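Feature annotation from Swiss-Prot assigns active site, nucleophile to Cys59. The substrate binding site feature in Swiss-Prot is assigned to Thr58, Cys59, Asn60, Arg61, Ser121, Glu126, Thr127, Gln128, Gln132; the stated evidence is sequence analysis. According to Swiss-Prot, the feature NADP(+) binding site maps to Gly203, Leu204, Gly205, Glu206, Met207, Ala208, an assignment based on sequence analysis. Taken from Swiss-Prot, the feature site 'Important for activity' covers His111, and the record attributes it to sequence analysis.
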Amino acid sequence: MELETHLSKYFTLAFTHKSMSLEMREKLAINSSATLKEFLQTIKNHCPNIKECMVLSTCNRFEIYASLRHGAHANEQKSALLKILAQNKKMSVSDLEKCVLMNTDESAVHHVFSVCSSLDSLVVGETQITGQMKNAYKFAFEEKFCSKDLTRLLHFAFKCAAKVRNLTGISKQGVSISSVAVKEALNIFEKERIKDKKALVIGLGEMAQLVIKHLLNKQFEALILGRNAAKFEDFIKELEEPKKVSFQNIENLNAYINEYELLFCATSSPHFIVQNSMLKETIFRRFWFDLAVPRNIEKPVLDNIFLYSVDDLEPMVKENVGNRQESRTKAYEIVGLATMEFYQWIQSLEVEPLIKDLRELARISAQKELQKALKKRYVPKEYESNIEKILHNAFNTFLHHPTIALKKNAQKEESDVLVGAIKNLFNLDKSNANHAQNLNLYKCEYYEE
C-alpha cells in the first residue's frame, strides 16, 4: 500500500506587470463573480489533479494558486491551465507560455508570501494587495474551490504580510498607484497653470476612493460619476471635507467629459467607459489617468488629450521607492523565514494528532484493563484513583522517547513513511480522519506563541 504524503504540493502560475503587457493583462482580467466562478469550475472539471484552487486578478497581475494531488506533475498542470486560459480568453498558448512564471513547493509558498506582503507589487509596500488576496481567498473558499491546503497557506501569508508591515515600516512611506497619479496631476496642474483645482473621477470602487482622498489632500475638488448614490453618501462620511466632493450618475458622463482638464477613471467595467464618440474639441489641454484593467478609456483621437495608463505610471513609481531598499531587504528576510516556518509547521501537523492519538489509545487500553481488574476484584475499588495515576505515569514514560523522536523526525522528508507506518501499526487512520473533520477551515490552526 502506497503512503500518501501529508505535505501539500503547492503550485502557482503568475502573469504580472513584470512579464506581461497591459494589453495582454486586460484579456486575462476577471472582474465579475460570475465569470470567476465559471473559470474556477472549468479548472475543477478539467484538472482532476488540482485539489484546491483560487484566482487573484488585479490591475497588475493574474495569478492561480493551487494545491496538487499526490503524484501530480506540475508541468502537466501548467499545460492544462494554459490551454484553459487560452480557450477561455481567446489567446494563444504560446503567447501565454512566454509570459507565465510557475512556482512549486517552497518557491510557490515564498511567491505567495511575497505577493501578499506587497514585495512583488508595482508599488512596493502598498497594502491594497493584501485585501485583494483576502477577497480572492474568501470567494474561493465560500464557493468550495479551496479548503484546508489553501486556507493554511493564505492565513499564514496574511500573518507574514502583517509582520512585514509592522517590522519594516514599508507601508508607511505613502506611495501607491493612486498617490503617484495624483502627484503627477499636481505637477501637470502647476506646469499648465490650470486655474481651478478640480477633477472628474469616474468610479467609486477602492481605487477611485483612494484617488479622491489624495485629491482632497492636495486641495482639489472632485466630481464623482458613479451608479450608486447610497455608496457615495456612505463614502463621504469618511472624508474631512465632504463638501469638496459632489456626485452625479454616470449616465450624465456626456455632459461633463469635455468640461474638465483632469480626469481619473477606475471602474470594473470590461469595456470602454470613455469613448471617442463622446469627445469634443476644447481650447484647453486635457490630462487623463486610466487606472483600470481592463482600461476604461479608449485611446483618444484628439491631439490635446494626454492619456496615462497604469503601466505609464511605472517609471514615476520607481522614482518614489528608492528609499525603500533597506525595508525591502528586511522584508525579504522575514518572508524567507516565514516560508521555512510554514513548512516546519505543516510537517508537524500530522505528528501532533498522531502523538495525541497514541496517548489516547494508551489511556483507553489502560482504563479498559483497570475496569476488568476492578470487576473481577483483583484490586479494591478504593485503589482505583491511585492505580489510574500509576498507569498514566507509566504510559507517559513509555511514550516519552517515541514522542520526542516523532517531533524531531517531523522535519525530515522521510517523516511521511514513519508516520504512515505508525498509523498502520496502531490502526490510527480512522481516528486521524476525525481531526480533519473537526478542523475549522475558515480559521488557520497556526498561532504564534
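Cβ from N, Cα, C; glycine included.
Maximum C-alpha to C-alpha distance over the listed substrate-binding residues Thr58, Cys59, Asn60, Arg61, Ser121, Glu126, Thr127, Gln128, Gln132 is 15 Å. Measuring Cα to Cα from Gln132 (substrate binding site), none of the recorded positions Cys59, Gly203, Gly205, Met207, Ala208 fall within 10 Å.
When the Cα atoms are compared, Thr58 (substrate binding site) and Leu204 (NADP(+) binding site) turn out to be 16 Å apart. Ranked by how many other Cβ atoms sit within 10 Å of their Cβ, the binding-site residues Asn60, Ser121, Thr127 place Thr127 at the bottom. Rounded to a whole number, the distance between the Cα atoms of Ser121 (substrate binding site) and Leu204 (NADP(+) binding site) is 23 Å. Taking the centroid of the Cβ atoms of Gly203, Leu204, Gly205, Glu206, Met207, Ala208 as the NADP(+) site, the other same-chain residues with Cβ within 8 Å of it are Gln209, Leu210, Val211, Ala266, Thr267. Taking only the Cα positions, the spacing between Met207 (NADP(+) binding site) and His111 (site 'Important for activity') is 24 angstrom. Each residue contributes its Cα atom, and for Glu206 (NADP(+) binding site) and Thr127 (substrate binding site) these two points are 12 Å apart. Considering other CB atoms within 10 Å as the measure, the emptiest surroundings among the binding-site residues Gly203, Gly205 are those of Gly205. Among the recorded positions listed (Cys59, Asn60, His111, Ser121, Thr127), Cys59 has its Cα nearest to the Cα of Gly205 (NADP(+) binding site).
Nearest to Ala208 (NADP(+) binding site) in space, judged by Cα atoms and limited to the recorded positions Cys59, Asn60, His111, Ser121, Thr127, is Cys59. With a 10 A radius on its CB, Ala208 (NADP(+) binding site) counts 24 other CB atoms from all the protein chains. Note on the binding-site residues Thr58, Gln132: the fewest other CB atoms within 10 A surround the CB of Gln132.
Thr127 (substrate binding site) carries neither a helix nor a strand DSSP state and counts as coil.
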